[in-house]
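Asks: Take a look at this one; I'll ask things after.
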Amino acid sequence: MKRTFILMMDSFGIGAAADADKFGDVGANTLGHIAKACAAGEIEGRGALNLPNLSKLGLGHAGELASGTFPAGLNKDIDVVGAYGFAQELSSGKDTPSGHWEIAGVPVLFEWGYFHDHHNSFPQELLDAIVEKAGLPGYLGNCHASGTQVLDDLGEEHMRTGKPILYTSADSVFQIACHEETYGLEKLYELCHIVRELLEPYNIGRVIARPFVGSGKGNFKRTGNRHDYSVLPPAPTVLDYMKEAGGQVVSIGKIADIYAQQGITKQVKGTGLTELWDRTLEEVKAAGDQTIVFTNFVDFDSSYGHRRDVKGYADALEYFDSRLPELFELLEDGDVVVLTADHGCDPTWGGTDHTREYIPVLFYGKPVKAGSVGRRETFADIGQSIAAYHGLPKLAYGTSFL
């Protein structure tokens, strides 16, 4: 029986990529800078980063290969039990869809559309079309913004007027924040569908519904009912090939949204690290032969990376690490565990955006030979390795190391 379990540690980069200069990210290192800050005693209430299980899988060694420096505080004198390395991104952007699609064998070699202006970000003709087609009383925002700050700035006015909050970032995204109770969740989703259609000429990667609750400035909180409306991947991914071969592909968290529901046979919802881990373990127990279980642990990115919360990111990493033994106990002889990321989001870096970084490539299980797999020239080596292991058609990009 062959099964693959992919744990996507969203935004967990391990060192500035070779082309980081094109993105203003030279020197970024999500893992390295978190580890350094913890080891130096710079984070109140924290000591050195403690990741014993990830270290056994080769995380520290992968970090050293990627950046030239072993992550401070991690155990270097450890017997590594998995295959470890790092991968450079071929895709043109440092965004979520590009990273996920490339990992599954489909790099994004075209340029996404972006809204570059920080104020009055969206074209007026687009805004007018949205107002008309959705029957809106108007809109708020129309700017680059932090997803939490924009709620404090505009949340009360949104509740009072019924005008949705429209904002973007350095990514190829159009984000819409609305109050779940005063505006309505389904109404927000309907608005996102309308915007997704209107954005077709602009080549924007995602429309993101950002529902929130709360009564006023200072206590607004985003809920777990986020929904991403992605464009379709431009070619079949390893997930499509598994589904077409009669296998199962289980999406946990936002995976199905990122792949626009393509190649998915079962969707499982989950919010927060604890619930995502619980759902993952449940699906591992239930998985049959020729199954991929794919979980996105989004909190690393959304709650800690973008918010530049070093302590929160470090604590979340340690919690994630503490759950790994539960997964290991469930593994059977034909199982492969993959731990990786889709981009970086260094919480010590300036701004609030993603960082262009190498990603960790960690494979573990009885079919996997322990040791370094070195530098991988594309994230697609991960998908190609999974395809080869399961006897699926060869992907157009990537080289298997299994």
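Each residue, glycine too, has its Cβ placed from N, Cα and C.
Straight out of Swiss-Prot:
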| type | residues | note |
| --- | --- | --- |
| BINDING | Asp10, Asp342, His343 | Mn(2+) 1 binding site |
| BINDING | Asp301, His306, His354 | Mn(2+) 2 binding site |
Asks: Measure from the Cβ of His354 (Mn(2+) 2 binding site) and count the other Cβ atoms within 10 Å, all protein chains considered.
Replies: 29
Asks: Return only the integer: C-alpha distance in Å from His343 (Mn(2+) 1 binding site) to Asp301 (Mn(2+) 2 binding site).
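Replies: That separation, Cα to Cα, works out to 9 Å.
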Asks: Under 8 Å between C-beta atoms and at least six apart in sequence, can you list the same-chain neighbours of Asp10 (Mn(2+) 1 binding site), or say none if there are none?
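Replies: The answer is Thr96, Asn296, Phe297, Val298, Asp299, Phe300, Asp301, Ser302, Gly305, Ala341, Asp342.
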Asks: For the Mn(2+) 1 site (Asp10, Asp342, His343), what does the 8 A shell look like? I mean other same-chain residues with CB within 8 A of the CB centroid.
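Replies: Other same-chain residues with Cβ inside the cutoff are Met8, Met9, Ser11, Phe12, Gly13, Thr96, Gly99, His100, Asp301, Ala341, Gly344, Cys345, His354, Ile359.
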Asks: Pick from Asp301, Asp342: which of these binding-site residues has the biggest number of other Cβ atoms within 10 Å of its Cβ?
Replies: Asp342
Asks: If you count the other Cβ atoms within 10 Å of each Cβ, which of the binding-site residues His306, His343 comes out on top?
Replies: His343
Asks: May I have the list of same-chain residues other than Asp301, His306, His354 whose Cβ is within 8 Å of the Cβ centroid of the recorded Mn(2+) 2 site, in sequence order?
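Replies: In sequence order, the nearby non-listed residues are Asp10, Ser11, Ser302, Gly305, His343, Cys345, Thr352, Asp353.
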